[in-house]
Amino acid sequence: MAGLLSSCCGRVYALLPDSAHPSAQQKTPFGVNRYVLLVIYMIYALLTSSVYFGWRSMSAMLFKSGQFSWVCTGESADTSPEEGETDYLCALQDTKVQSLFTIAMACHFTCSAVAGYLLDTVGPKAVALLGQTFNALAWILLAFSGPNFRSVYPAFVFMGAGADVSVYPTLLIVNLFPGSTALIMATLGACISLSFFVPLVLRTMWESTGISFEAVCIGYAVAGPILCAVVAFFFIPFKAFKGVDNFSACVEAEKLANSPTAQSSPKAVDSPPCDEGASSRGRLAVSHNTERTAPDEEQEKDNTERISLSDLACDPRFKKQKVSFSSQAFTFLYFGICLYFTVCGWVMAYYQEAAGRFLCKDAEYTLEILTPLSTIPCLLFGVVINRIGIMPVILMLNTIGLLTYVCVVAAESVVAQYFSVIFFFMYISIFTTQMYVFVESTFDSAHFGKLIGVASLIGGLLSLISNVLYGDVTVGMLNGDTRPVVIALLAVIILMYPILLAMRTKRNRKKQMEQEDIRSRVLELKAAHAADAA
């Protein structure tokens with residue numbers, strides 16, 4: 001029994017992020033434990049991020065509060081629906097309100113690139129405060145919007161602008177969890193997805209308490225963006241946590257310094273983690289050893305060699321070499337992830353828009369229930385990525401997307417409809433997180449913000465093509481027949497396989513070359529140190 005318990009504890013411990021890695025030992029605001037800081041960031045992301053994505057409840061609140069009711073006069077009033085049939089007063093009001101989502105999304109993805117650039121240059125704290133300022137302004141403007149003060153447009157401009165700007169700084173906490181970055185990224189991604197429930201909560205409070213729309217908006221502005229701005233001020237650092245890749249050469253040198261093959265004594269203990277004081281500790285140890293009389297000269301020689309190798313691990317020449325943004329962005333791997341992310345956007349957006357045309361009512365209801373629960377497979381995928389890597393998971397997700405639309409083609413069968421919903425539920429669970437993880441694990445951390453920002457800009461804006469595919473092609477040209485567009489999307493998904501396989505090969509080769517470069521530099525410096533010692 002004790003052995004079984006010990007085995008289980010060992011397996012659980014193996015899943016925990018490495019705490020001995022120098023990246024995990026970076027200073028945090030006020031010295032807060034990294035797990036506590038993660039919980040703070042999770043609550044932060046849950047309260048404010050892409051809240052307008054809970055559009056069904058958001059639009060219902062806009063209709064009920066009378067936004068754009070002033071357009072329902074004259075000819076537009078003739079197109080009013082029967083009372084009680086819909087939330088809107090006239091078709092023009094419906095069009096105006098629905099356009100706000102597109103406006104917010106366009107601002108969202110445009111500002112993603114700006115947020116990424118600022119994250120790498122200005123720092124996470126300033127970016128977080130800017131994002132929460134946008135979010136607070138959005139809800140304050142929305143609170144006072146009406147016929148005499150029509151501020152609903154700027155409200156949604158700020159709401160879209162603040163979505164990624166406010167949440168990007170929290171992603172940098174993954175650098176405190178080396179070896180588990182995918183799981184941490186997935187955890188934050190799950191919290192961002194859960195923020196879609198904010199409009200539903202606000203709508204429920206409004207309808208159940210009878211308070212005014214202005215009070216609901218101002219109350220959320222205080223309890224959401226303003227509270228998170230205070231959290232950002234205290235718990236998001238001025239400078240970003242250093243990326244794990246900053247310590248790669250140091251860690252490799254530590255391994256060589258302490259491995260039995262790298263030194264004559266197999267009993268040498270691990271050297272301390274590489275940090276600012278490691279070299280000084282090594283020198284102090286040398287001084288201490290010279291003051292005492294060693295009974296065994298060979299052992300003393302072994303100890304001295306170990307210490308010199310420990311100092312080697314923190315040699316300033318091991319600092320990560322700087323690379324330009326263009327050398328990262330203008331590559332096949334970055335082009336490939338941007339293309340894949342764009343295709344994911346098309347697949348996801350078209351399915352959501354056209355679902356009512358190929359799913360029965362019960363299957364639609366199942367989709368509505370499962371969509372918010374997609375945070376569950378998101379976390380599971382995070383664990384899987386930590387185990388097998390990001391590219392196998394991306395290939396798996398591309399296959400899941402393929403199966404989703406294969407089931408749509410066979411949608412005459414009710415069983416196929418439900419399988420389609422289940423596959424789609426898995427497909428959307430890690431939509432943006434997979435791109436974040438790929439960029440974080442493939443490219444230089446100094447450009448992480450810019451790279452995810454530009455990828456979000458490209459993928460997000462091009463995903464708006466799905467509006468054309470549904471509105472102009474499916475509804476306008478094909479009279480509601482989804483099959484031609486579905487088959488076209490199937491072809492695009494299939495064409496992604498050779499690109500993704502080439503990306504996997506290219507990425508593996510890139511990683512291998514980086515490791516060989518680090519190892520060769522370690523061995524060269526080790527030889528130089530040995531020559532100096534001789």
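Using N, Cα and C of the backbone, Cβ positions are placed for all residues, glycine too.
Features of the protein shown, as given by TrEMBL:
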type	residues	note
COMPBIAS	289-303	compositional bias 'Basic and acidic residues'
REGION	261-303	region 'Disordered'
TRANSMEM	35-55	transmembrane segment
TRANSMEM	99-119	transmembrane segment
TRANSMEM	126-146	transmembrane segment
TRANSMEM	152-174	transmembrane segment
TRANSMEM	181-206	transmembrane segment
TRANSMEM	218-238	transmembrane segment
TRANSMEM	329-349	transmembrane segment
TRANSMEM	369-386	transmembrane segment
TRANSMEM	393-411	transmembrane segment
TRANSMEM	417-439	transmembrane segment
TRANSMEM	451-470	transmembrane segment
TRANSMEM	482-503	transmembrane segment
Interface-richest range of 181-206, 417-439, 451-470, 482-503 toward the transmembrane segment (99-119), CB pairs under 8 Å: 451-470
Interface present between the transmembrane segment (152-174) and the transmembrane segment (451-470) (three or more C-beta pairs under 8 A): yes
Chain residues in Cβ proximity to the transmembrane segment (369-386) (below 8 Å; excluding those fewer than six residues from its ends, i.e. six or more beyond): 15, 179-187, 189-191, 193-194, 196-197, 393, 421-422, 425-426, 428-430, 433-434, 437
The transmembrane segment (482-503) vs the transmembrane segment (393-411): 3 or more CB pairs under 8 Å: yes
Same-chain residues near the transmembrane segment (181-206), Cβ under 8 Å, at least 6 residues beyond its ends: 17, 38, 41-43, 45-58, 60-61, 64, 167, 170-171, 173-175, 213, 216, 220, 224, 244, 372, 374-375, 378-379, 381-383, 385-386, 390, 430, 432-433, 436-437, 440-441
Long-range Cβ neighbours of the transmembrane segment (218-238) (under 8 Å; 6 or more residues past either end): 28-30, 32, 37, 40-41, 43-44, 47-48, 51, 123-126, 128-129, 132-133, 135-136, 139-140, 143, 162, 166, 169-170, 198, 202
Intrachain neighbours beyond the transmembrane segment (417-439), with Cβ under 8 angstroms and 6 or more residues off its ends: 171, 181-182, 185-186, 189, 192, 337, 340-341, 344, 347-348, 351, 358-360, 363, 366-367, 370-371, 373-378, 381-382, 385, 390-391, 393-394, 397, 400-401, 403-405, 407-408, 411, 448, 451-452, 455-456, 459
